[in-house]
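Single-structure report; data block below.
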Amino acid sequence: MSFAPLQNDTFLRACRRQATDYTPLWLMRQAGRYLPEYKATRAKAGSFMGLATNVEYATEVTLQPLERFPLDAAILFSDILTVPDAMGLGLSFAEGEGPRFAKAVRDEADVAALAVPDLDKLRYVFDAVTSIRRALNGRVPLIGFSGSPWTLACYMVEGKGSDDYRLVKTLMYSRPDLMHRILAVNADAVAAYLNAQIDAGAQAVMVFDSWGGVLADGCFQQFSLEYTRRVLAQLKRTGVDGQDVPRIVFTKGGGIWLDDMKDIDCEVLGLDWTAHLGKARAIVGGQVGGPGKALQGNIDPNVLFAPPEAVAAQVRAVLDSFGTPHTDKTTTGPTHIFNLGHGISQFTPPEHVAALVEAVHGYSRSLRQR
């Protein structure tokens, strides 16, 4: 499998803690409902899953934000719940209700029936990865992704999204043995799923631990982080083009556990808006010439509802909070990838996103020229 050479490798260089001319950026959920062209494609597809399972449509919507904004990476258009769906739990999206599963995993029998899914059931995802990588034609790198074992387990036990995580936490505290069995299957499934995305052409992969932050201290390390480690240990290190594949881990609410996360086997840690980038850099960013992790984040997505000049001011504050950019091209050092602290809201005005992108690129360039 061969693809066009990469023209803009700024994102990958920052993942590798190499100096870049500006701070690269992409946005979580950058292909989505805030774009009128996305809504038009989704209407053609008829449903969210109709969109995600159709290679042509998934390719089209992945590229839409790049046509509008000079972003530095594309991310596969899919959903974290494709993996439990392939396990036979029956995923559906009701209009205005969000995802739900026909079957939930709540007792011994349910857990015994769980297995790493036949990856052929997810062929549509891998075909989309290859199709998107071809369509990008080397413009920017393509990021593949999955939910974390813990975050998937939350949906699998609750049967849908939850406000209080009552069912999954009840299982975790009353039958930790069952919880560990679910998480072990999930970790092996996620690793196989991400490896198949790498084989299909993904140039970086990201684990979304969206619900890790709801766990108590101690439980986070045992039930979330431990299984994210199990995923990372199994991931392929080299992509189809012979290049290394950076691994990004994002735990929403995880900023309080940076001491625990600094040693996990990944290249990039994502942060939400509650974390301070400069403090995170001091804990995990490393020194020039030494080991460390790149940081990704972390502006509050709600900043995008403010007028463009306020957006630009908040962008500058985030870039300043990271501190002096790494500029020595001869060695590695602390680097930053600009992103939101969580997914972009469907109500975001696209012109405010344009202001954000312009501010990130412009101001981060000026910081390197001081």
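Backbone N, Cα and C atoms are what each Cβ position is placed from, and that goes for glycine too.
Feature annotation from Swiss-Prot assigns substrate binding site to Arg29, Gln30, Ala31, Gly32, Arg33, Asp79, Tyr155, Ser210, His342; the stated evidence is sequence analysis. Sequence annotations record features per position, and here Swiss-Prot assigns site 'Transition state stabilizer' to Asp79 based on sequence analysis.
Feature annotations (Swiss-Prot) mapped to structure.
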| residue | record | CB count, 10 Å |
| --- | --- | --- |
| Arg29 | substrate binding site | 18 |
| Ala31 | substrate binding site | 25 |
| Arg33 | substrate binding site | 15 |
| Asp79 | site 'Transition state stabilizer' | 18 |
| Tyr155 | substrate binding site | 27 |
| His342 | substrate binding site | 22 |
Cα-Cα distance, maximum over Arg29, Gln30, Ala31, Gly32, Arg33, Asp79, Tyr155, Ser210, His342, record's substrate binders, Å: 23
Pairwise Cα distance for Arg33 (substrate binding site)/Asp79 (site 'Transition state stabilizer') [Å, integer]: 14
Euclidean distance between Cα atoms of Asp79 (site 'Transition state stabilizer') and Arg29 (substrate binding site), Å: 10
Ala31 (substrate binding site) to Asp79 (site 'Transition state stabilizer') - Cα separation in whole Å: 12
Reduced DSSP assignment, Arg33 (substrate binding site): coil
Pairwise Cα distance for His342 (substrate binding site)/Asp79 (site 'Transition state stabilizer') [Å, integer]: 15
